[in-house]
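Worksheet: the structure to be examined is printed underneath.
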Amino acid sequence: MPPRPRGAPEPAERRELLSAGDVARTIARMAHQVIEKTSLGASGASPVVLLGIPTRGAPLATRLAARVADFSDIRVPVGALDVTLYRDDLRRKPTRPLGQTALPAGGIEDALVILVDDVLFSGRTIRAALDALRDVGRPRAVQLAVLVDRGHRELPIRADYVGKNVPTARTEEVHVLLTETDGRDAVLLNRAGERS
Amino acid sequence: MRHLLGTEGLDPATALAILDTADGLKRTLLGREVKKLPTLRGRTVITCFYEDSTRTRVSFEIAGKWMSADVVNVSAGSSSAKKGESLRDTALTLAAAGADCVVVRHPASGAAHRVASWLSHTNTSVVNAGDGTHEHPTQALLDMATLRERLGGVEGRRIGIVGDVLHSRVARSNVHLLTSFGAEVVLVAPPTLLPTGVADWPVGAAGSLRISHYLDAELPTLDAVMMLRVQAERMHGGFFPSAREYSIAYGLSEARAAMLPEHAVVLHPGPMLRGMEISPAVADSGRSAITQQVANGVHVRMAVLYHLLAGEEDAA
């Protein structure tokens, strides 16, 4: 089934899980959790670095950092980490274009790295991200923040910060739309499997 | 993409995807201590060179190794070709031995196309690393990558390709690729070093091709000048009266380089003959992109291997 262009008006079988307002509130809540869980700003706490996984994890990381700065007055370095070259499913799909990798100037050595992605599904993207991370430095610890956890893990991976848990069927599709990439904020559930 | 045999007929969208991938790879590896990506683990690349080469063979080998492919190098001088094995049998042998990709350089024009047709029943990809005076697509792609970095793109830019066009596969591949991206290409050479029918070469719709015999008249309006090596090994006969006379008429001296616009870039595919087609001072000057071309060559070849080997196999 050809993918629908993101941002196109959704048909009846598309359900809105999060509205634009919900997305903003969810990111704000996650920012508070990051500040609390990492003891941000406390003496002796490791420096925190947010790394978004392209495509939509990158703008999410930027937004999360902006909220963290709003609530704590601490500017956390933000970067992007493309994992395409580390994926284990490259040979199952047509050639993928690469995303952008941009590490913060200070690097990630001995930092507490929080990986940020839009949807946590099989966990394979995160596995690839952990491998990619190993090639760029040695963080003290790695955590994971996702806007939506839709279940169906295929690897022993879990998120430390979850915006919304959504029970889904494997055939359904979860689409995160962000203003930066899609023109508006929303999270949609597409019952793709029922139509085909 | 199954094979990369030439830039003639190479879809501009595919070329652009390769260039963008090369760019992404370059940025990914920038400043890294460990230049190793796991992407092509378990894939085998065999380079098979029937002609001498330093930079092309080395950069394909490095490209493969940085992507974690296993790279095996075969050179004609030390292979069964010396015992009389045909190119076809060598190609079938390499495919049967497990090559996922064969990188071929051969003195005969069309050799890579023949190898690709002989291997059509296998899953092996073929990359043309130079076939006679025909094509050298990865060189054109790395030249394009360099021009994109230096000039921001080639659309509407005027690029001079100067010298031994007759024997140059680099010139041919560059004409196809540059014009398909909208460049205005000027071939500058003495009439004896231009192939017959050059004026009728197929040209990308967005670009144009022009022939000139006078370097001095062209220099002031060029955005980039690509100097070609005089290929003495392919010359059987008198193409110009003497090396000195050639150098005086078509060599890029310091005085000539001064006629170029301030922003113009000097390229050379290498190996260069200093003092013949280019003066040492120009080759080492700030406007020379010659070592940048070599560095980009590795990333472009990594990108080519990625596009050939990393995606799902297509039927083409």
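Each residue, glycine too, has its Cβ placed from N, Cα and C.
Note that TrEMBL annotation is computational and uncurated.
What TrEMBL lists as domain 'Aspartate/ornithine carbamoyltransferase carbamoyl-P binding' is B:2-149.
Under 8 Å, Cβ to Cβ, and six or more positions away along its own chain, B:THR56 (carbamoyl phosphate binding site) finds B:ARG105, B:ALA129, B:GLY130, B:HIS136, B:THR138, B:GLN139, B:GLY297. Annotation comment: TrEMBL describes B:ARG55, B:THR56, B:ARG105, B:HIS136, B:GLN139, B:GLY270, B:PRO271 as carbamoyl phosphate binding site.
Taken from TrEMBL, the feature L-aspartate binding site covers B:LYS83, B:ARG169, B:ARG229. In this view, B:ARG169 (L-aspartate binding site) is surrounded by 24 other Cβ atoms within 10 Å of its Cβ, with every protein chain counted.
If you look up TrEMBL, you'll see B:156-308 marked as domain 'Aspartate/ornithine carbamoyltransferase Asp/Orn-binding'. Summarising model confidence by region, the domain 'Aspartate/ornithine carbamoyltransferase Asp/Orn-binding' (B:156-308) averages a pLDDT of 94.
On the backbone, the CA of B:LYS83 (L-aspartate binding site) and the CA of B:ARG55 (carbamoyl phosphate binding site) stand 27 Å apart.
The Cβ of B:ARG55 (carbamoyl phosphate binding site) lies under 8 Å from the Cβ of B:GLY270, B:PRO271, B:VAL294, B:GLY297, each of which sits 6+ residues away along the same chain. Put simply, the two farthest-apart Cα atoms among B:LYS83, B:ARG169, B:ARG229, the recorded binders of L-aspartate, are 31 Å from each other. Secondary structure of the domain 'Aspartate/ornithine carbamoyltransferase carbamoyl-P binding' (B:2-149) per DSSP (helix as H, G, I; strand as E, B; remaining residues coil): 68 helix, 27 strand, 53 coil. When the binding-site residues B:LYS83, B:ARG105, B:HIS136, B:ARG229 are compared by the number of other CB atoms within 10 angstroms of each CB, B:LYS83 has the fewest. When the binding-site residues B:GLY270, B:PRO271 are compared by the number of other CB atoms within 10 angstroms of each CB, B:PRO271 has the fewest. Spanning the residues B:ARG55, B:THR56, B:ARG105, B:HIS136, B:GLN139, B:GLY270, B:PRO271 that the record associates with binding carbamoyl phosphate, the maximal Cα-Cα distance equals 16 Å.
Other Cβ atoms within 10 Å of the Cβ of B:GLN139 (carbamoyl phosphate binding site), summed over all protein chains shown, number 26.
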